[in-house]
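Asker: Sharing a structure below in structure tokens format, with a few things to ask.
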Amino acid sequence: MTGLRAVHVRAPGKINLTLRAGLPREDGYHPLETVFQAVSLYEDVIARPAEDISAELHGRGADLATGRENLAVRAAELLRETAGEDSGVHLSITKQVPVAGGMAGGSADAAATLIACDQLWGTGLGREELAELAAELGADVPFALTGMSAMGTGRGDLISPVMSRGQYHWVLAIQDEGLSTPEVFAEFDALTGDGPGADDEDDARHGGEVVSALLSADPLVLARTLHNDLEQAAVSLRPGLADVLAAADRAGALAAVVSGSGPTVAALALDAPHASSVADVLRGAEVADEIQVATGPVPGARVIEHVGRG
Ligand code: ATP
């Protein structure tokens, strides 16, 4: 224990700029090649010393489970076990990232919790060990630690940072009702059959294209590279997403793509004023429950405040 009274950590949600999925491996996982960008919708976790591990949720997550089903609680438990710590923590989590929205909000909560508890307990584990725990918790948790822009391979959990120039402006079309990631992959399998998964050479080409687009700092160049292999499956399960994509196009977005397993649609704009006008048109089109603007890339989980010993 460090004697700290509270630690406040913030972690971002993500958009998948490109996502290529191969046929499922023997362990059931689909090999992925994805380029993530962390965006300015945040999860705020405040960790305070307590006897046991518990959580309360505010904002979007108010009706989510706060027991072991919650990925943040699991993150605190895993860290406590690994570090041989015997104190507990109370987590107060305020969610901006849509739940089951394809933007990895639960993973951001887990990443923020790892950092907050590590600071509160003074575990002495290094960033690399925390990254290993992150990968154990879920495929998207390592990226929530890293943030910015990165390539994810394996299950999306093997992260290599990608250089990016400039700020990109996004309009996010958010739905109240999420999509289940396993159901979207099952639909992807049903639609793909035994046919070819992502072609390796094709993957390399697309991965390379988006990496050089991010160096250009030009949203028009990035717009041409946005792609998601899961989009068809998400649209098949939620046909209304086709209307969101079409409305984004009509609203003048440079391009729009379903993020991860959906249902959030990310529409790319030229700059901040353009994002705000695309957002207004999309609100008027009434194709989503909520429209938000966000920028990226932004950093991964980081400490906002330590509340000192008292
Ligand atoms: P995934 O990371 O599985 O692709 P996602 O990004 O679409 O999911 P999340 O909000 O991260 O969406 O989580 C999906 C599911 O995980 C939720 O429906 C919920 O049942 C469960 N879950 C567990 N802990 C959390 C949490 N702290 N916040 C959100 N969801 C959580």
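From the backbone N, Cα and C atoms, a Cβ is placed for every residue, glycine too.
Bear in mind that TrEMBL entries carry predicted annotations, made automatically and left uncurated.
Okay, so TrEMBL annotates it like this:
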type     : residues                                                       : note
ACT_SITE : K14                                                            : active site
ACT_SITE : D140                                                           : active site
BINDING  : P98, V99, A100, G101, G102, M103, A104, G105, G106, S107, A108 : ATP binding site
DOMAIN   : 70-147                                                         : domain 'GHMP kinase N-terminal'
DOMAIN   : 218-283                                                        : domain 'GHMP kinase C-terminal'
Asker: By DSSP assignment, list the helix, strand and coil residue numbers for the domain 'GHMP kinase N-terminal' (70-147), in that order.
Answerer: 47 helix, 9 strand, 22 coil
Asker: Take the mean position of the Cβ atoms of P98, V99, A100, G101, G102, M103, A104, G105, G106, S107, A108, the recorded ATP site. Which other residues of that chain put their Cβ within 8 Å of it?
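Answerer: Surrounding the site, in chain order, are G13, V97, G178.
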Asker: I need the least crowded one of these binding-site residues (A100, A108), counting other C-beta atoms within 10 angstroms of each C-beta.
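Answerer: Ranked by other Cβ atoms within 10 Å, the binding-site residues A100, A108 bottom out at A100.
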Asker: Please report how many Å separate the Cα atom of A108 (ATP binding site) from that of K14 (active site), as a whole number.
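Answerer: Their Cα atoms are separated by 9 Å.
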Asker: Within the set K14, G102, A108, D140, which recorded positions show a CB-to-ligand 1 distance under 6 A?
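Answerer: If the test is a Cβ under 6 Å from any atom of ligand 1, the answer is G102, D140.
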